[in-house]
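Presented below is the structure to which this report refers.
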Amino acid sequence: MSVLGEYERHCDSINSDFGSESGGCGDSSPGPSASQGPRAGGGAAEQEELHYIPIRVLGRGAFGEATLYRRTEDDSLVVWKEVDLTRLSEKERRDALNEIVILALLQHDNIIAYYNHFMDNTTLLIELEYCNGGNLYDKILRQKDKLFEEEMVVWYLFQIVSAVSCIHKAGILHRDIKTLNIFLTKANLIKLGDYGLAKKLNSEYSMAETLVGTPYYMSPELCQGVKYNFKSDIWAVGCVIFELLTLKRTFDATNPLNLCVKIVQGIRAMEVDSSQYSLELIQMVHSCLDQDPEQRPTADELLDRPLLRKRRREMEEKVTLLNAPTKRPRSSTVTEAPIAVVTSRTSEVYVWGGGKSTPQKLDVIKSGCSARQVCAGNTHFAVVTVEKELYTWVNMQGGTKLHGQLGHGDKASYRQPKHVEKLQGKAIRQVSCGDDFTVCVTDEGQLYAFGSDYYGCMGVDKVAGPEVLEPMQLNFFLSNPVEQVSCGDNHVVVLTRNKEVYSWGCGEYGRLGLDSEEDYYTPQKVDVPKALIIVAVQCGCDGTFLLTQSGKVLACGLNEFNKLGLNQCMSGIINHEAYHEVPYTTSFTLAKQLSFYKIRTIAPGKTHTAAIDERGRLLTFGCNKCGQLGVGNYKKRLGINLLGGPLGGKQVIRVSCGDEFTIAATDDNHIFAWGNGGNGRLAMTPTERPHGSDICTSWPRPIFGSLHHVPDLSCRGWHTILIVEKVLNSKTIRSNSSGLSIGTVFQSSSPGGGGGGGGGEEEDSQQESETPDPSGGFRGTMEADRGMEGLISPTEAMGNSNGASSSCPGWLRKELENAEFIPMPDSPSPLSAAFSESEKDTLPYEELQGLKVASEAPLEHKPQVEASSPRLNPAVTCAGKGTPLTPPACACSSLQVEVERLQGLVLKCLAEQQKLQQENLQIFTQLQKLNKKLEGGQQVGMHSKGTQTAKEEMEMDPKPDLDSDSWCLLGTDSCRPSL
C-alpha cells in the first residue's frame with residue numbers, strides 16, 4: 001500500500017510540473033473524476049470574456065510578431081506578443097514561458113505590466129502593457145547629436161534604477177538590460193521590459209553562470225565566464241546611462257572578441273562631457289561601471305545617492321501621476337483564466353453636410369490609424385486616433401477665415417486630416433471644437449488650447465494675443481488634472497478628476513453658470529451642490545448641461561424653444577393648465593421634466609436637444625419646426641418626447657444634434673437621421689414633403705445602406721462626422737488551454753523544482769539551457785530527472801518506444817529519448833549503493849516507469865554501457881594502473897535477474913491497485929444500499945408516528961361520518977383490524 005501511494009504521489013508531482021490536466025496518474029478512480037467535472041464546469045461558466053480588436057502589427061521577429069490591440073471593456077491599448085512555439089527550440093520555449101513567470105511576479109509603475117496570456121493552438125499570446133513612445137534606443141537616435149539635458153537624464157536614471165530595485169528585491173536577475181528593452185510612453189514614463197532571459201536567484205548572494213545577454217552591455221564577469229549576480233545588472237544600467245550622456249555606446253568594437261577585451265580592460269569609447277553634466281552624475285555612472293562587482297552600488301544605494309534622494313519623493317509622485325491614466329488592475333487571482341474574443345473590424349471615418357449629401361470616406365483615417373473619438377466644429381473637424389494622436393482639418397464648405405483652430409502653426413486651410421505635430425509626444429485622450437478654436441485633454445489630464453481668443457476661450461487672460469496658432473498648455477490645471485472638456489460656440493466647460501467644474505469664455509445668457517452674464521478669460525470654479533456628483537459636462541452653442549451620477553440633469557444658458565428642458569407645465573384643481581417658461585438662467589438649474597428618467601447621455605443642438613436614458617430610450621425636446629424631434633410631425637412640442645415609431649424597441653447608443661437635424665445609432669447597427677435635410681445634412685434626399693425651401697423628414701429614417709457599428713458621432717452646424725465599424729470575423733481564445741498556466745511554469749522554476757541546488761546558491765547549468773523539454777514547460781521534479789538519468793539510456797528507451805507491452809506514457813518516452821546519456825552500472829549491488837536515502841523515497845516510481853523500459857531494450861547495447869562505466873564496476877581496476885578493463889561474464893545475467901524481480905514488483909503493484917479499486921467500488925455500492933435502507937426506515941418511522949397521532953385524535957374526537965374501516969384506510973396496515 002505504501003509503494004502504491006509513493007507511486008501515485010510522484011506521478012502527481014510530475015503531472016503538476018508538466019501542466020497535466022489529469023488529477024493523478026493512470027486511471028482515475030470514479031470519485032476524483034466526478035468531483036473534478038463539476039468544478040471544471042463551474043469554472044468555465046464563471047470565465048470572463050475579454051474583447052479585443054486588432055489595430056496594427058507593431059513589429060515582426062523570427063518567431064512571431066507584436067500586435068497592437070484595443071481592449072473594448074476599458075478602451076485601452078495593449079500589446080499581444082505572439083510566439084509560435086513550434087518554431088522555437090526547447091530553450092527558447094522556456095525563455096518565452098519564463099517571461100510570463102517573471103512578469104507575473106512584478107508590479108511596478110516602471111515595469112511593463114503583464115495582464116494575461118492565452119494559447120491559440122501552438123501560438124503563445126502574452127498580453128502586455130503598450131508603450132506609445134517607442135524605446136530608449138530610438139529616443140537616443142532622434143537626438144541627432146544634441147545632448148540630453150541633465151534634468152532629463154536624472155529623470156530617466158531614477159525610473160530605470162527604481163525598476164531594477166523592484167526586480168532585484170523580488171530576487172530576479174534581468175540579464176538583458178539595454179536601451180532596446182527600455183520602453184517609453186509619450187509622457188516620458190520609463191517601462192523596463194523583455195524578461196525572457198531573466199532568472200530568479202535564491203538570495204542576494206546567489207550567483208549565476210550562464211552566458212546570456214547583449215554583448216554591448218555585458219559585464220566583465222560575464223565576458224570572463226565567471227559567476228555573476230545582481231551587480232551585473234548594475235553594470236548594464238551604467239552602460240545605458242552612459243549612452244544617454246554621450247549618445248554613443250559605452251564600449252564599441254568591430255568584433256565580439258575585441259569588444260570583450262575592451263569591456264574587461266575598461267576601455268570606453270569616449271568620456272562624458274564634464275562641462276555639460278555635473279560631477280555627481282558622472283561619478284554615479286562611473287561607480288556602476290566599476291570593474292570589480294563588489295565595488296558597484298546596489299540599486300537601493302543608487303536611489304539613496306544625494307542626486308536622486310533630494311528629488312525622490314517629487315519624482316515618485318510624478319511617476320504615479322503619469323501612470324494613473326493607463327494603470328489597469330490585475331485579476332484577483334491568476335487562476336481565473338478569462339476567454340479572449342478577438343474581433344477583426346474595418347474602421348472608417350465618414351463626413352457629410354455643407355452641400356455634400358453623399359458620405360465622404362477619409363482615406364487618411366482608416367484601419368491601422370483608426371479613430372477613437374471625433375468632433376465637429378462650425379468650421380473644422382478634429383479626430384483622436386486609437387494611438388492618441390490629434391488630426392485636424394477644415395470642413396468641406398471652406399471659404400471661412402481661419403484663426404489657428406487647426407493648431408498647425410499657421411492659418412492655412414488644410415482640407416485633409418493633418419497630424420498636429422506640435423502635440424507630438426502627448427497622448428491626447430479627448431478633443432472638443434468650438435466655433436473658431438479647439439481644446440484637447442491629454443492622458444495626464446493637462447489641457448491644451450489653440451485658435452481664436454476673442455472671447456477668452458484660451459483661458460490665459462488674453463496674454464497670448466487674439467489668436468493662438470499652436471497648442472498652448474493651460475498651467476491653471478497643472479495641479480488639478482482635467483477629466484473631460486466640452487466647448488460651445490464661444491465658451492469652455494471642463495470637469496476635473498476631483499469632480500469640480502470650471503468654465504470660462506463668453507458669459508452671455510449665463511451659459512457659464514456663474515450667476516452672471518460676464519465674460520471670463522480664465523477658468524472659474526462653478527458652485528455645484530456638494531450632494532451632487534458630476535460625471536459629465538456638455539456644452540451647446542449658448543448653453544451648458546451637467547450630468548450627475550444619479551442621472552439628473554442641470555442646465556444653464558439660453559432656454560429658447562425649451563431646448564434646456566427648464567420650462568414647467570402645471571395643472572390646477574379645475575383643469576386649468578399653466579405653462580411656465582424660463583427664457584434663460586445664469587446658474588445651473590435642475591431640469592425637472594427630465595427627472596423622471598435616468599439620463600446617461602445628452603446632446604445639445606442649436607435649437608433642440610436629445611438625450612439617452614439608462615434603458616437606451618431616446619428623448620427629444622426643443623424646437624420641432626423641421627421635424628428634428630423625430631415625433632412624426634412638425635407641431636410645437638412643449639415637453640419631453642419619448643421616441644417610438646422606427647426607434648420603438650431599439651436601444652440607442654449614440655446621438656448628436658446639429659442645426660435642425662438629428663443623427664442616432666442603435667445597438668443593432670442601424671443609423672437613423674431626421675429633421676432638416678437641406679445642404680446634405682441627412683446624407684440622403686428625403687421625399688416626404690418640402691418644408692419651405694428645405695427638405696425635411698419628421699420620422700427617423702435609416703441611412704448608410706448597410707449595418708455599421710458607430711463608436712462615436714458628432715454633429716455641428718450643417719456637418720456630421722462619425723466612425724463606422726464592420727465586423728469581419730471573430731475568434732474565441734481560451735486562456736491556458738494547454739496547461740501553460742502561470743502556476744505551472746513557476747512551480748517548475750522555483751527553488752524546490754527541477755535542477756535547483758540545496759546550498760543557498762542557484763547556478764545555471766549547461767543541462768538547464770540545452771536539455772529539451774517536450775512538455776512545452778520546464779522540466780519535472782529533481783527526483784524524476786535524477787532517477788531516469790541514472791537508470792535508462794536514450795538508446796534503450798528508443799528501443800522500447802514501439803513495444804506493445806510498455807506502460808511508459810508518451811510524454812515520458814520523449815523525455816527519455818532526449819535525456820543525457822549516463823552509463824549503466826554493472827551489477828545489482830553497486831546499483832543499489834548508488835542511491836541516496838532521499839532517492840530511495842521515490843524508487844518505486846523509477847522501478848515502475850524506468851526499469852521496465854530498460855529490461856526490454858536490446859541486450860547488445862549492454863556490454864558497451866558496462867564498459868563505459870568503470871567507476872561503478874567493482875571488478876574493474878583503476879585505469880591509471882594500466883590494467884585492461886574486462887567486463888565480468890555474469891553482469892548481464894545479474895542485471896536480468898534484478899530486472900525480472902522489479903517486473904514482478906510492478907505487476908504486484910498494479911494488481912494491488914486494481915484490487916483496491918474493486919474493493920472501493922464494492923464499498924461504494926454497499927454504502928448506497930445502506931443509505932437507501934436508512935432513508936426507507938426513516939420514512940416508515942415518520943409515517944407510523946403520524947398515523948398513531950391521528951388514531952389517538954380520532955379516538956378522542958371520532959368523526960360521525962366515517963366508520964372505523966374507512967378511517968384506517970388512510971393510515972398504515974398496522975391500524976387495520978386483524979381478520
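Quick reminder: no glycine exception, Cβ is built from N, Cα and C everywhere.
Record features (Swiss-Prot):
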MOD_RES   Ser2  phosphoserine
MOD_RES   Ser2  N-acetylserine
MOD_RES   Ser13  phosphoserine
MOD_RES   Ser16  phosphoserine
MOD_RES   Ser29  phosphoserine
DOMAIN    52-308  domain 'Protein kinase'
BINDING   Leu58, Gly59, Arg60, Gly61, Ala62, Phe63, Gly64, Glu65, Ala66, Lys81  ATP binding site
MOD_RES   Ser76  phosphoserine
MOD_RES   Thr210  phosphothreonine
MOD_RES   Ser331  phosphoserine
REPEAT    445-498  repeat 'RCC1 2'
REPEAT    499-550  repeat 'RCC1 3'
MOD_RES   Ser801  phosphoserine
MOD_RES   Ser868  phosphoserine
MOD_RES   Ser869  phosphoserine
COILED    892-939  coiled coil
COMPBIAS  950-962  compositional bias 'Basic and acidic residues'
MOD_RES   Ser978  phosphoserine
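Sequence features, as recorded in Swiss-Prot, placed on the structure.
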residue: Leu58; record: ATP binding site; DSSP (3 states): strand
residue: Gly64; record: ATP binding site; DSSP (3 states): strand
residue: Ser76; record: phosphoserine; DSSP (3 states): strand
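With a cut-off of 8 Å between CB atoms and residues at least 6 apart in sequence, the same chain places Arg70, Tyr130, Thr326, Arg328 near Ser76 (phosphoserine), listed in sequence order. The average pLDDT the prediction assigns to the domain 'Protein kinase' (52-308) is 89. Here the binding-site residues are Leu58, Ala66, and the one whose Cβ sees the fewest other Cβ atoms within 10 Å is Leu58. A simple way to gauge crowding: the CB of Arg60 (ATP binding site) has 11 other CB atoms within 10 angstroms, across all the protein chains here. Counting every protein chain shown, 21 other Cβ atoms lie within 10 Å of the Cβ of Gly64 (ATP binding site).
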